[in-house]
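Q: So that we are looking at the same thing, I have put the structure below in structure tokens.
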Amino acid sequence: MADADKDRLVSGDVDDSNEAQIEKSLRPRMLAQYIGQDRVKHQLEVYITAAKQREESLDHVLLYGPPGLGKTTLALVIANELGVNIRTTSGPAIEKPGDLVALLNELHPGDVLFIDEIHRLPKIVEEMLYSAMEDFYIDIVVGQGPTAHPVHFPLPPFTLIGATTRAGMLSAPLRDRFGISEHMAYYSADDLSEIVKRSATIFDMAIDAEGAHEIARRSRGTPRVANRLLKRIRDFAEVAGQSPVDIQMVDHALDQLQVDQQGLDQIDRKLLMFMIRDYEGGPVGLSTIAANIGEEMATIEEMYEPYLLQIGYLKRTPRGRMVTPAGFAHMGMSAEQH
């Protein structure tokens, strides 16, 4: 992932450890406090209740969708609802089988192991997970050379929760071992507005309903973006001595931050303008777009495209990406003129 993307206000990624700490303070602890994702919440409530009634560990859970939609938060909520401990890590952090063994060895019956970016697990680690997930054991090779021999190591029943922004990169054997698979969708403006108001209360910040809704409307359907914009708007409001924050203050702050009426920032607009100006809207190959706006192809696919596709400003074709008539109109142009 390009480091530059983490500096974007409208990026779904966590930009630094300070933001991670702030996110932690804003997180709900139980499903009843978790705003949005109603379908996912309802199904998880059923699965969790059933597992508790049977006194069994919850089936393994895969959460997938764009960054910033609350996958990590939901994993923590699941552990709280189950009343068990949770160990959190990420795919890149588990570099070798010994790292996985150390994590599994710390689990007690019913505990949750959460692996973020699970699509980035090394292949040798992923293969060790198969027996751990399916039959709750791992085989460890002890010794070296002629004396090396496998040792059967039983594990307590546990729940693996994997999170990914790239579900298509998961191997079929790993994906098939998740009994519960839930897609995290973009949030509605109404749900995001409730999140903004809840966060404002935690920040001890007054904001009116119109102001909260305007932040929600420009937050790209993403709670992390909504909270990040709220923090920056709070700065502008405090310097201006304005309380409560109203829609005029929100408009002023977001104009200064170059976040437009649809939640696009200067990089989104640069991407669209390049395609319109140099290729009459496309089709344009992903590698060409990446080279001209100075980003990696994976960053464009994961960070920029999903929202532009979601709001209908961009479409994918077999020959490349194309700007839609709505995308032309947003940039103040007509597709018929190109």
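Cβ from N, Cα, C; glycine included.
I grabbed these lines from Swiss-Prot:
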type: REGION; residues: 4-187; note: region 'Large ATPase domain (RuvB-L)'
type: BINDING; residues: L26, R27, G68, K71, T72, T73, E134, D135, F136, R177, Y187, R224; note: ATP binding site
type: BINDING; residues: T72; note: Mg(2+) binding site
type: REGION; residues: 188-258; note: region 'Small ATPAse domain (RuvB-S)'
type: REGION; residues: 261-338; note: region 'Head domain (RuvB-H)'
type: BINDING; residues: R316, R321; note: DNA binding site
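Could you place these features in context, so I can see how deep they sit and what lies close by?
A: Taking Cβ-Cβ distances under 8 Å and a sequence separation of 6 or more, the neighbours of T72 (ATP binding site) in its chain are T88, F114, D116, A163.
Broken down with DSSP, the region 'Small ATPAse domain (RuvB-S)' (188-258) shows 51 helix, 2 strand, 18 coil.
The Cβ neighbour count for R321 (DNA binding site), using a 10 Å radius and every protein chain shown, is 23.
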Q: Taking just the CA atoms, what is the gap between F136 (ATP binding site) and R321 (DNA binding site) in Å?
A: 45
Q: If you count the other Cβ atoms within 10 Å of each Cβ, which of the binding-site residues L26, E134, F136, Y187, R316 comes out on top?
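A: Top count of Cβ atoms within 10 Å goes to Y187.
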Q: I need the CA-to-CA distance for R321 (DNA binding site) versus E134 (ATP binding site), whole Å please.
A: 41
Q: Can you count the other CB atoms that lie within 10 A of the CB of G68 (ATP binding site)?
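A: So the number of other Cβ atoms within 10 Å of G68 (ATP binding site) is 28.
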